[in-house]
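What follows is a short report on a single structure.
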Amino acid sequence: MDPAAFVQALADHGIVLNDHQQDQFAAYYQYLISENEKMNLTGITAEGDVYLKHFYDSLTLALVLPELQTQVMSVCDVGAGAGFPSIPLKIAFPQLKITIVDSLQKRIGFLERLTARLELTDVQLFHDRAEAFGAKKSPHRASFDLVTARAVAALDVLAELCLPLVKPQGRFVAMKAAATPAELIAAKSAIGLLGGKLAQDAALTLPETGDPRHLLVIDKVKPTPNKYPRKPGIPNKQPLGGA
C-alpha cells in the first residue's frame with residue numbers, strides 16, 4: 001500500500017487526510033526507519049508494509065468506533081511500542097487527547113522525539129509498567145474514555161492491564177490479528193471480574209492482502225476491584241482466565 005493508496009483507502013471510509021497530515025505520516029515513516037537502525041522498533045520496514053500494517057491497521061480503530069473521528073476523547077495506548085495505534089490516530093484526528101504508557105525507556109525516548117518532530121500536542125508519554133500505571137492509588141486509574149492495546153498477549157492478560165484504566169461507561173479495545181473461540185472463552189470470566197463486558201468482536205480484513213483483524217470492544221460496566229491489576233509480572237505469569 002503506497003501513500004496514495006493509503007489516502008484513498010481512508011477516503012473510501014470517509015476519512016480525509018489533508019496535505020499536512022499526509023506529510024506527517026511520511027515524516028513518521030522516515031523517522032521510524034532511521035531510528036529502527038539503532039533500536040528494534042519494528043520488523044516491518046518496507047514503505048508499503050508500514051503504511052498498511054502499521055498506519056492503516058491502527059486507523060481501523062476509528063472505523064469500529066467512529067466517534068474517534070470527531071469527538072474529543074481521552075485515549076490511553078498501553079504498550080504502544082513505536083506508537084501504534086495512538087500516533088496514527090492522533091495524526092488523523094488531532095482533537096484526541098493521547099496518553100502512551102510503555103515499559104521500555106528507549107521506546108518512550110523515540111516517541112518523545114517523534115511527537116516533537118511531528119509537532120503533536122496533547123500527547124503524554126509515561127515510562128511505566130501497565131500494572132503500576134493503573135494500580136489502585138494511581139491518578140490514572142479509571143480516567144480514560146478509551147484504552148487500547150495492539151499486542152500479542154492473551155486477552156485475559158490485556159484486560160487486567162487495561163480495564164482498570166477505563167472510566168465507567170468507557171471502553172477497552174484489544175486489537176488482534178486473530179481471536180480464537182478458546183481465547184474468548186478463557187477471557188470472558190476475567191473480563192467480567194474486572195468490570196467489563198464484551199460488546200463486539202469486529203472482524204475486519206486489511207485491503208490488498210486480506211489479512212484478518214479482530215477488534216474486541218469491551219464496555220466498562222462497573223468499577224474494577226481494587227486488587228486488580230496485580231503486581232507487575234503476575235498477570236502474564238498467572239492469567240485470570242487460567243491459561
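Note: Cβ is positioned from N, Cα and C throughout, glycine not excepted.
Of the residues proposed, R113, R117, R150, the one Swiss-Prot records at the same S-adenosyl-L-methionine site as G79, F84, A130, E131 is R150.
DSSP assigns E131 (S-adenosyl-L-methionine binding site) to a helix. Its own atom aside, the Cβ of A130 (S-adenosyl-L-methionine binding site) has 26 Cβ atoms within 10 angstroms in the protein chains shown. Counting every protein chain shown, the Cβ of R150 (S-adenosyl-L-methionine binding site) has 24 other Cβ atoms within 10 Å.
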